[in-house]
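Colleague: The following block contains the structure, expressed as structure tokens.
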Amino acid sequence: MSEESLLERKYFDGIYIPAGLLVFGTVIVKKEWTLYAALAALILGAIKYFRMLPKKVLKPAVFQEFELKEKTIISHNVAIYRFKLPTPDSVLGLPIGQHISIGAAIEQPDGSTKEIVRSYTPISGDHQPGYFDLLIKSYPTGNISKHMASLQVGQTIRVKGPKGAFVYTPNMVRHFGMVAGGTGITPMLQVIRAIVRGRAAGDRTEVDLIFANVTAQDILLKEDLDALVAQDKGIRVHYVLDRPPEGWTGGVGFVTQEMVEKLLPKPASDVKILLCGPPPMISGLKKATEALGFQKARPVSKLEDQVFAF
């Protein structure tokens, strides 16, 4: 649901002022009907309020089609795809930390078609009505990612959801330790943005994120991450590169147990580790976190787990 205030102008214009005029007019014309007018204003105001709420469009069991509105090329194999929702005030209705499923009929080498489904986490949120954004890296062997790369503005994709075991709520932990590799940054960014937006309402969650990539050019959404770090002292990002440029001052190589111990919070009941990236990286990090004293990660993570892999 959109994070908005009941003091916004649209509520004054659409609810408070009309309700006030109804009650005020009744007092002038027939004072003894004031109570009935107040009840009518309350009922009509409630109806109008619920009609003004953002319309959630996702259906967990049903694929729906959404039109590609805009495509922003980030690099030779990465793009941000913006899809249009049915109305300007529609939202996906996607809880923070969950993802959507994209389905497509993909042609196979033998000429047949096969239904392929893959999961993606939008980098936009329900506070941005009317559209949703997907950051997707295309791989030579990636069925859906190649299909997405071939999409033209005006064409559609099939989406259903929400999916996923993780749902973020403010102050669910004191401190998140995060490790992301490549496009695994998308659920982390979604959670971090929610934390920063929630500061005014009392969200005190701290975040340390290790973001691993091959080269500096592979660091996705670096400007967005750096802006969040500059804006919020409770957010820290530690970049790690396998092939760093000359003069690089960040981490080098694969994310190791020593890096996790040095850069992420220590094991505690109010600490949670979030992981998202290539399977070999996640497998190694599950072993590393267990060796450091965190609870052993399950093969399939659940919300209550101390180490959660998306």
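Backbone N, Cα and C define each Cβ position, glycine as well.
OK, Swiss-Prot features for this one:
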BINDING   149-164, 175-209  FAD binding site
DOMAIN    61-169  domain 'FAD-binding FR-type'
TRANSMEM  33-50  transmembrane segment
Colleague: Count the other Cβ atoms sitting within 10 Å of the Cβ of Thr156 (FAD binding site), across every protein chain shown.
Modeller: 13
Colleague: Which has the fewest other Cβ atoms within 10 Å: Ala149, Ala194, the binding-site residues listed?
Modeller: Ala149
Colleague: Can you tell which of Ala180, Ala201 has the most other C-beta atoms within 10 Å, given these are the binding-site residues?
Modeller: Ala180
Colleague: Tell me the residue counts in helix, strand and coil for the domain 'FAD-binding FR-type' (61-169), as DSSP assigns them.
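Modeller: The counts are 7 helix, 53 strand, 49 coil.
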Colleague: Which of these binding-site residues has the least crowded Cβ, counting other Cβ atoms within 10 Å: Lys163, Pro187, Asp208?
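Modeller: Checked Lys163, Pro187, Asp208; of these binding-site residues, fewest Cβ neighbours within 10 Å: Lys163.
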Colleague: According to DSSP, does Ala180 (FAD binding site) sit in a helix, a strand, or coil?
Modeller: strand
